[in-house]
Amino acid sequence: MTKTEEKPFGKLRSFLWPIHTHELKKVLPMFLMFFCITFNYTVLRDTKDTLIVGAPGSGAEAIPFIKFWLVVPCAIIFMLIYAKLSNILSKQALFYAVGTPFLIFFALFPTVIYPLRDVLHPTEFADRLQAILPPGLLGLVAILRNWTFAAFYVLAELWGSVMLSLMFWGFANEITKIHEAKRFYALFGIGANISLLASGRAIVWASKLRASVSEGVDPWGISLRLLMAMTIVSGLVLMASYWWINKNVLTDPRFYNPEEMQKGKKGAKPKMNMKDSFLYLARSPYILLLALLVIAYGICINLIEVTWKSQLKLQYPNMNDYSEFMGNFSFWTGVVSVLIMLFVGGNVIRKFGWLTGALVTPVMVLLTGIVFFALVIFRNQASGLVAMFGTTPLMLAVVVGAIQNILSKSTKYALFDSTKEMAYIPLDQEQKVKGKAAIDVVAARFGKSGGALIQQGLLVICGSIGAMTPYLAVILLFIIAIWLVSATKLNKLFLAQSALKEQEVAQEDSAPASS
């Protein structure tokens, strides 16, 4: 096999485009796959929120119930089905078998299911149920009342974890060599943010078309068809890119040699069940502190997002207006994320160290969270002051909530994720592999469902999102305090572990010289 000669990159090119010309055959279709998956992820995320929050008899209070009672069980059921299919089908057939049902559902939803919603939804039964049950269970009744929208929400939520985390990264890690990954994966991160810009603009365009719709036609129905048409086209491009890679890249020995790839892998990641994960976390203070960071982020974002979306519905009760705002929100998340990743992320960690990088996200969530909750809780008292800015307390709460979300997510992508991955570096191979598996099973799941569970409990006790907001603010402060303490303690362990590893490396280097 002749190896293509690779010249070293210049400083500017190594920063902007660290790809050799002959590698374009591999990296461009992978980039396109990643772009399509993340484009769909944004369109589906914003659409599912619009459907559930804007549905009749529903609101943001339905989200915690859907996440806990529908998304988590469906994710478990999917993994069981996936495990069975992976033993029967080839890897290529498995990819199509997993992706196709999503696209079929997203094609049927705007053309068949949504137009028949009045027939399919048990509105009268839900009304009777709502009259009997306490106000805190309105979210649970809303799921039944709009069950087809809830089904859309579940599949949209699963798209991210299934197609991105499982199918794409599983495929990419299998076919990408370590020296390629160091260069390719950073580009995929930029691709994700470019897709945010594209999908954000697309959502705004589709949502604004209501102005040209004739009277008597449901404008959101038209927007929904356009959004899902874009999702289907993007999904088909994704499938075509995957097919092309299998046909043209994986048959080229320059890019893929199964035997060589197997040698390069340092052992498979152990599959840990929930019990094993808990035991491993309990035995390792280092991994436990790292898990607390992940759990704290998941809970904090969840607590603020649902309250923000409830304010958003009050400001934009019309589905098209709500969707247009979410499109703009996604667009600006992409813009800010790119700027922070390029000019802030790496520089903060390099100049100020791991701890500063790890503390930026919780401090950002704390400061913006305090301002947001203050505007929601003290809305009436602040109306005179807010009027000086030419707006209303509600609109200001919506804008501050959007800024809070954008900054929190941008710093998460640029700094939180980087410091989290850096924390694994000083660990030995077993700790790295088992620790990552434990955090994937426990921390990721607890972060998402923990916030939903807290909100469900408060909704049942308080009766509405407005009534529970002061308690949410107190819980947020408590969780952030745990986050800050955990990061500070982990920093001490990280520095000690790093020094120990450097000492071991220095001893290994000096051993041949002294002998």
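From the backbone N, Cα and C atoms, a Cβ is placed for every residue, glycine too.
According to Swiss-Prot, the protein carries these features:
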TRANSMEM  24-44  transmembrane segment
TRANSMEM  62-82  transmembrane segment
TRANSMEM  93-113  transmembrane segment
TRANSMEM  124-144  transmembrane segment
TRANSMEM  149-169  transmembrane segment
TRANSMEM  184-204  transmembrane segment
TRANSMEM  226-246  transmembrane segment
TRANSMEM  286-306  transmembrane segment
TRANSMEM  329-349  transmembrane segment
TRANSMEM  358-378  transmembrane segment
TRANSMEM  383-403  transmembrane segment
TRANSMEM  465-485  transmembrane segment
Which bits of the chain, at least 6 residues beyond where the transmembrane segment (24-44) starts or stops, bring a Cβ under 8 A of a Cβ in it?
106, 155-156, 159-160, 163-164, 168, 172, 176, 180, 184, 187-188, 191-192, 194-196, 198-200, 202-203, 227, 230-231, 234-235, 237-238, 241-242, 244-245, 248-249, 252, 255, 330
For the transmembrane segment (329-349), which recorded stretch in the set 62-82, 149-169, 184-204, 226-246, 383-403 gives the largest number of Cβ pairs separated by under 8 Å?
184-204
Taking pairs 6 or more apart in sequence, does the count of Cβ pairs under 8 Å between the transmembrane segment (62-82) and the transmembrane segment (149-169) hit 3 or more?
yes
Chain residues in Cβ proximity to the transmembrane segment (286-306) (below 8 Å; excluding those fewer than six residues from its ends, i.e. six or more beyond):
60-61, 63-64, 67, 280, 358, 361-362, 365, 369, 372, 401, 404-405, 408-409, 412, 416, 420, 423, 427, 431, 435, 438-439, 442-444, 446-448, 450-452, 454-455, 465, 472, 475-476, 479-480, 482-483, 486-487, 489-490, 493-494, 497
For the transmembrane segment (383-403), find every same-chain residue at least 6 residues outside the stretch whose CB is under 8 Å from a CB in it, and list them.
304, 307-308, 311-312, 314-315, 325, 329, 332, 368, 371-372, 375-376
